[in-house]
Amino acid sequence: MHIVGVPPSAILGSLRARWGLVDSIVTVWGGDVVIWAADVRGGHDKKDRRIARIARDVVRDRIALCFYDAELRDDPALRRSCSDRHVLDGVIDRWKAGQRLDGSKVSVGRADIVFSLRMRWKLIDSRVTEENIIIWTADVAGRGKKARRVARIVEKIRHSREKLEEDQNGIVVDRFEEWEGKVCRLGERLARRIEIRNDSNVDVLCTVKGDVARQRGFVIDGDLDFELRGGCSREIVVSFRATQMGVKKSIISFDFRSIDFNDDENSVDEFTIVRYIHLRVGDPDDYDILKPSSPYAKTKNRFFDGDKFSNPERVVQHAGTTAPFAQTLAKYPIPPELLKLAAFERDAIVKKFDGMFRGEDEEFVDARYEKIDYSSYLNVKKYAICMKNLLWMEEFQMRVYFDSYFLMQISYTFYVGGAVDIKTYDLVNAPLLREGRAHYKLLVPGLAESRPSVLRGDKILIRDTGGSKYEGVVHRTSQEYAIMDLPRSFDRTFIDGLRVDVRFTFSRTTLRTSHQALAKIAETTTNEESQLGRTMFPRLMGTRPLNAMNARIIRPNQLNYYNRTLNQEQQTAVVGIVQSVARPAPYLIYGPPGTGKTVTLVESILQTILAAGSNPDSKILVCAPSNTAVDVVVERLSVVITEPRQMLRLVAFSRDKATVPDNILKYANYDEDKDCFTNPEADVIKRYQIVAVTTSYAGRLPNLGVLHHFTHVFIDEAGHSVECEAIGCLALTTKQSTSNPPVTVLAGDPKQLGPIIRNDIAKAFGLEKSLLERLSQLEPYARSEESDSLGNHYNTNMITKLVRNYRSHSKILDIPNRTFYDGDLIAEAEMIRSHRFVDWEHLPQKGFPIIFHGVEGEDMREANSPSWFNPDEAQYVKMYVDLLVKDTRKNRCKPEDIGIIAPYHKQVQKIRMILGAHGYKDCKVGSVEEFQGSERPVIIISTVRSTVDYIQFDKTHKLGFLANEKRFNVAVTRAQSLLIMIGNPLTLENDSNWESMIDYVINGGGYTGVEYKKKDPRNNAGSSIENVIRGIHVDNSDDEDTFVGVSHVAGQEGPAWRSEE
């Protein structure tokens, strides 16, 4: 019946007043909720609870839909970004903050919003719990009903195993318990009889569906379609032969239906029982070494610990244990208002920074979700304020930890404690031993790998069982032990083996010197014509450039080179630096992998002080971000500069003498009497023509009294330095002269690893971009499509790109050359080195020295470590080392010729364990960062991330930082003559760089391992999958647990953030 002219309010009023069908109408979150009488019967208390529950659910659903409509419905790009649960959580938080600013209180949590979007509104199609991946209904709407159904069922198979394996209706199917987690050896054959038994009185038909299992290499023998009478049983045999190492997972489904559907008493509805298969192929003994030490469990929050380590008793400092500054270094603490914003209003701080960089008049763009090059908005006037705020955000990451639940209970209360990163290394109930008469020894797991980084002079906080707190000072380190001084009062209660809680600390000195440099810039750079202004923001040279520093040198052939092997581009760079007509704009030596940038830098330094016509009063500061890189430059300079009185290697107090090479030590500031490196007087430092120091230590030179002194600054590996540290080498130490400004030279590769930055907001606003990379993107350093007569595409008065690669075989160089270097690189490595393995007997394709070994492995975590490892890939690494060192007729190599790179620290540890167990301790195993600047004849890369599913269908993989293009570039350019990559191609194909590499290797004939087809049509719900899962019922009302993701930053567990001193 159609009622015309009756308004809805009248109908609702009648249902409530006349018929009593509506119990009440409740107004919640901007709308009315109807409470039906039938839903709230059963007493007053029960009614109240039911009304409250209904109202709460309606509020939740309305808020969830409001969020989706406001943020995601009309923004497909943002919706795709929100496939990552971490990103989705951030967008929800941003939206909730906006609602608060508009006066609306949003009391629903992120997990409730996600639940409602999936269960109430069906806007989320599926959720991959293990990977924290959201699949949106709007993004799969074009698949068709069949594909969407398959996707939902596959999701159920992944996460509802217990329910699907249940025996039903008196039917019992044997399981594969004996195979569960079993490690079988290569070549081994397994067979399992599976009994299907009918303990009921109902006769059924059984269909065994094993297409998916067959695709994974399992063989099913026996009748697969049969009648099963009550009280009877049948058998099938499932067998498997191990041909490749890795993980094998699959399912076999058993569909049952009644024979006689007309007999209601002796029939059952159709149902399916699923049996899961999970086994591993490899060496059982090796897997015992590699398997998780214990199940993974998140680290409990021990950061919010109040005053656990506050106000400790301190050591009385003695002469030689500290190195005071001649000039005071200010503190530069994080401003309280910024600290509060960073802790409680992250949306507000992003908006604040966006306005700071782009201008308050620009429409707000959230840097966390939209990639913007904020460095392009920097100028002289806003540089210092922007950079110091980013530096404070990075320090915030180091210093402060907040518990999100606790913050809900308090209002603008914050706790400033030790470093977030370094707190992860806290020790609980650790034994403390006596070392000699005056010191104490503490075992620090991971110390040998700088996890944590503990140096001489660092402070360590101790808390004993009685609650007394002490601050120790590190005297020295030895392997895994930190030897320290503690207050004398500690000795009165100490007994050997005393158990203590330990917290490590970090020094703010490098942060403070960076702020000091920024303060100087703020004082002196009022316009772009100032000396520092033109150094940091170079412009194209006008018609009247400065005179050349050395007017006698005009062409490369006019120099008498100390290194006679320099190529054309290297000589061009040396002449450009010697002339320096563009100063104070920096000169860039753009050095892709293996092109000899350090050789060029060293020659430039020598020519600057020794070439005919050079200025004898030149004072040169040589810097690099690491001690190793500085030592390399000094070692090469020492071939020509043999007199220690000409060159000073200034070493920090914290460095261990044993780590300084003997041929470097004679140039260093080591004091034999005090047995440490000391700070020389400023007058002593100024006597040397060359001073070599880390970028971190260079920032302290003004505080040692070395001000406005140097005429030249050379920074090697400049792409790896934080920009503020690099500026610290320039702002206060160089001579200030408009007519004759200092020369700045930066050598490095902006396409390789940049500085390590932890804070996501600081990253988003550009702190992870080095000075070298930022400058290389400015117009004066831009690449031209046209080249000069010598083939240069750059203005050689400003920059020289080195293009001759002396490291790698041309095939190894091909992909990075085309991807990152415009195809400019020329392979000129000596054939005896680069072609060493072109005919290696284990190459899939002779003449193509690259292997990609496809592995279906399983990434894992263990204990409290968030870092990933993959035991299957580790076994393949060991296999290839065996082949290279032992199992080959020719071209054998030594273990030290092999480098092994893994992106996760836990995988590095596991590979070291397995190789050490087989006598290969001399193989270098490390992260990508540890291999920057180094090379090996053979490089093996383990990519780690891989998830093998029971059904491979539309699986979205999360690569995390493995997809970082700079890490990819560094990893694949370390090999001289053989590159072996081990990984799951189905995972890696989701990244464009890895996809290109896999395609390249396949086309070159270098692919081996698991069968792989690019962009496999598995995404289209193949008929074999549909056939296997046809009988599996999907219950869309499943109430699933909410899930919490592991931070992608924590998952990396990369190298320490502290700068080398």
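The backbone N, Cα and C atoms fix where each Cβ goes, glycine too.
Just so you know, TrEMBL annotations are computer predictions that nobody has curated.
Taken from TrEMBL as is:
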- 425-504: domain 'Helicase MOV-10-like beta-barrel' (DOMAIN)
- 566-647: domain 'DNA2/NAM7 helicase helicase' (DOMAIN)
- 681-757: domain 'DNA2/NAM7 helicase helicase' (DOMAIN)
- 768-984: domain 'DNA2/NAM7 helicase-like C-terminal' (DOMAIN)
Secondary structure content, the domain 'DNA2/NAM7 helicase helicase' (566-647) (per DSSP, counts of residues): 37 helix, 10 strand, 35 coil
Averaged pLDDT score, the domain 'DNA2/NAM7 helicase helicase' (681-757): 94
Tally of residues which DSSP labels helix, strand or coil - the domain 'DNA2/NAM7 helicase helicase' (681-757): 23 helix, 17 strand, 37 coil
Helix, strand and coil residues within the domain 'Helicase MOV-10-like beta-barrel' (425-504) as assigned by DSSP: 9 helix, 42 strand, 29 coil
